Each structure stands twice: as C-alpha cells, then as structure tokens.
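Peer 1: Shown below is the structure under consideration.
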C-alpha cells in the first residue's frame, strides 16, 4: 500500500508527540528530589482519558435528515459514491503502535468506500456521525480514528482516493457510557450533502456484522436461552501440545478452555491459526442473539510478568456459523477483553468459530513489555454465547 505524504506527516506528528511526552517525563524525574534513583523496567503507557458529555439532541436542520436507509454488509449509495459498513465493534480501550492508550466508551465502524467521481480526489476529516437511541449525535473522534486507521491500514483521513476503487476506512466515536441503539449517519466523504441511515446494532449494546443464511426468526418458545446453558461439548480442528510456563508448570490448551469462564486460560493452536476452528455444541437447540470472544491469550504470566496476549497471534477476523446455516464474519480489535458480535435472534445446536485472519506476535507490547521471544501460536481465551 502506497503511503501518502499526508499519512507520513500524520505519523511524524504522532511520533513527535510521543517523544515530547517521554522527554517531559524524564525532565520531571530529574527535578523531583524524592524520585527513585532506579529506573522502572516497564515503560510507562500514555493513557488518554476524557469525560464524554452527552450531546444535546440535534434539532432538524437543512441537510440533517436522511435521504435513504441501508444495512450493514450492503453497498449503500450516497452522493454518487458507495459506502459498505463491514464491521461494528464496541470497546473501552484502544492501544496504538506508538504506545498510546485511549480509554473510554468507543464504537468502531469499519467500512469500504468507493468514490463515484471521475478524477482522484483528496479527502478531509470523517463526515460520518453516530446517533444513539435517545437522539443524541456524536462526531468522529479525530485522534482515535487517525491512530486506529493508521495501525490497521484503514486510514482515509486526508488520503487520496481513486474513482471506482474500493478503499478501506474506519471511523471511531467516543460515546456516553449509557448510549445504546446506534445508527450511523453516513455521508459521501467527498461531497457530504446526502446522508444514508445505517442501523448498526440491534439494541443490546453490541456490535453488528453482515451475515447470510436463515435467521430462524420463528424460534420455538421451548428452546432455552444460550445465556443459561453451558455447551455439552467443545471440540477443535487442532490443539497445541502442553508446554511449560515461566515457572516451569505445565499448561494445557484444550478447546474446553474457551468455555471455562476463565480469561487467563485458552485454547491454543500452532501457527497463525488461519482456517482453524472451535465448535461449541449443545444437547438441545438454544436461542442466541450474540456471541462474544476474547480474541487472544489474556494472560499475564505470574513468573516473568509478560503479557501473553501480544506475544502470540490474536484473532483479527473470524467466521461465526450456526447449525441453521446462518454465517457471519466478525472483526476484533487487538485488545484482551470480551468483544461481542450481534446476531439475529435464532436457534442453533452449535456455534462454530473459524479463524479467518490474525494479528502477528509483537516484540514489544503497547504497554512497553519487551519480549525476548515470540510464540508461534494462536489463542482464544473465551467464547461466550448469549441469548434473549
């Protein structure tokens, strides 16, 4: 992917900000008479915390009403161009490759944009807005959107787009903690005069993904909610052999670990995990409406203090398949927390998760951990299947 001059400038600004932050911290340490003479072994993480005020409800104004409606997973025409929302996720923490950590209530919307003009054009700041169920609207968080987009090769801010060529983009919104029932108000990134409404969740506060197959909307009253039933069995296409941890204790990685309720245990598979799957089966059909997953090994080794999540491969995208034929693709941010994907309410005998893409191991974690080695394994710590 060709890096535009604008992205280089943006990267330089972010790097310079990080360097200045480190220099400022060093100067304060030198002047503090009570400071320890021993430097900490762990690099301090820059944590960005902000209080989000619930915006006032927008009154109807010229250009504020939608021109059409669309759905996640479909190409939506707006202003002569198209926007297809491919993934919506919620998270409370976003780490960047430059060592910054953003904390808050974030909604991450990934999309593909195809410009309908005839000549290349330079984009500006994101024009999308997000509206919650109370009518409050949120603008994109420029800093978080830029950092996340650069890290995930989805930055369209100040980029040049070619006509007729699909370009991956992302927009990140920081919302109020109680906000729910989100609708994306997507405008053409070049000429934002038209707006298309895209509902991006089903009302339970979780992300959405595009899917195919039967939704099973006429579910039986006799079926039990998956929230109250443990799977009868958990199987996997492959499993890594037991291995010692930093204390010398043998650790096992059987697939049942994804359903034991413990985030610091995990199913592991050798290599990058692509094409490998884990299946949760039930004795009888259960009602489901969302599936959550911790997409890596959420363990800090008690002996050496290393965060295993970034030392192994973690899941970037996965296919979620149900016994009634419904299939959807879910995307995950590189964070060791439970991340949910909404499904249409339906019944199923099993939930199968197949890994489609992964994040590679890192030699240095976002928290400053320096790994003396990386591990050629992929892990999933937990899978949580929930129903109404």
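Even glycines carry a Cβ here, placed using N, Cα and C.
Automatic prediction, not curation, is the source of TrEMBL annotations.
On a predicted model such as this, the values are computed, not experimentally measured, just so you know.
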Peer 1: Which one of 145-198, 199-252, 253-306 shows up in TrEMBL as region 'Disordered'?
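Peer 2: In TrEMBL, the region 'Disordered' feature sits at 199-252.
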Peer 1: With the ranges 54-73, 74-93, 94-113 to choose from, which does TrEMBL describe as region 'Disordered'?
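Peer 2: Checked against TrEMBL: region 'Disordered' maps to 54-73.
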Peer 1: How does the domain 'DUF4352' (71-186) divide up by DSSP, counting helix, then strand, then coil residues?
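Peer 2: Helix/strand/coil tally for the domain 'DUF4352' (71-186): 10 helix, 59 strand, 47 coil.
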